[in-house]
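Here is the structure we will look at.
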Amino acid sequence: MLARAARGTGALLLRGSLLASGRAPRRASSGLPRNTVVLFVPQQEAWVVERMGRFHRILEPGLNILIPVLDRIRYVQSLKEIVINVPEQSAVTLDNVTLQIDGVLYLRIMDPYKASYGVEDPEYAVTQLAQTTMRSELGKLSLDKVFRERESLNASIVDAINQAADCWGIRCLRYEIKDIHVPPRVKESMQMQVEAERRKRATVLESEGTRESAINVAEGKKQAQILASEAEKAEQINQAAGEASAVLAKAKAKAEAIRILAAALTQHNGDAAASLTVAEQYVSAFSKLAKDSNTILLPSNPGDVTSMVAQAMGVYGALTKAPVPGTPDSLSSGSSRDVQGTDASLDEELDRVKMS
């Protein structure tokens, strides 16, 4: 068993060295197991047996018995997943940029018969197919898309390999691009492009920040003006309501005063009290005219207060003698002579005040 393992390891090392050199390997028959009649096939391996030079059967893992001399183990295929490094190669993109690119290929033998008789060396064939497919797919893409669409590029290479390798009994599980090397000048231009893009983004972000700041300031001023106008409106409404309440209160107070005055006039000596009030207001009016106005209205004898009071009493007496229009007394009298006499006396009294 140790001898068989050593022979298998030597065969794999030989195959790997041939793949790295880029030459198609030739299968060495010296590393194959010998027919010892009773054979034990390891797990995940398939041994292809030929009988008298023709394919006979495939030995499955476990105990197997062969006929000496007639049966011969011709191929040993591993059913495990195989990892192959695809050598670095040059490829030209759609925009005429030369790249150095390599990758890793993951495959598995699905049909040992096709892998043994369909191609001389399936692993080498798949490696060459991966290289040519990668060059073909890179020629369809620009340099920017090669970096942006690595996953789609890997999927395209896997699909192309599976279509061609189906007759070889091999299935490509996945393909991964390892490194992409660009020329120094292209790398410098890409770096400049990245820096320009960053400056552009910074400028755009700065302008957006300035715009948002201006919008926020304008919105704040707008809200401040709206609040100020609403406050002024509320103040005016409150002021108007206060003034209306004050006017109403004054009117009610004045009406109450008039009612009280009217009630007082109907009492005993009410006329005398009214005459005294009129005289006081008469004298106060002359005092205000003398203080607040440039036009001075003086009575005939300003030093005689008694005469001023007498004049005021005369005006009040003339007013009290005149009937009030619409009252029952004025309507029932029907005498125009009394009204004319009252008007005449009132006019005479006013003329006398003016003359004095």
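Using the three backbone atoms N, Cα and C, a Cβ is placed for every residue, glycine included.
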Check each of the ranges 101-138, 215-252, 291-328 against Swiss-Prot and return the one annotated as coiled coil. 215-252
Which residue from Lys145, Lys200 is recorded in Swiss-Prot as N6-acetyllysine? Lys145
Going by what Swiss-Prot says, which of Ser17, Ser275, Ser287 is noted as phosphoserine? Ser17
Could you give the Cα-Cα distance between Lys145 (N6-acetyllysine) and Tyr124 (phosphotyrosine), in whole Å? 29
Given a 10 Å Cβ-Cβ cut-off, pick out the one of the modified residues Lys145, Lys233 that has the most other Cβ atoms nearby. Lys145
How would DSSP class Lys233 (N6-acetyllysine) in three states? helix
Applying a 10 Å Cβ distance cut-off over all chains shown, what neighbour count does Tyr124 (phosphotyrosine) have? 18
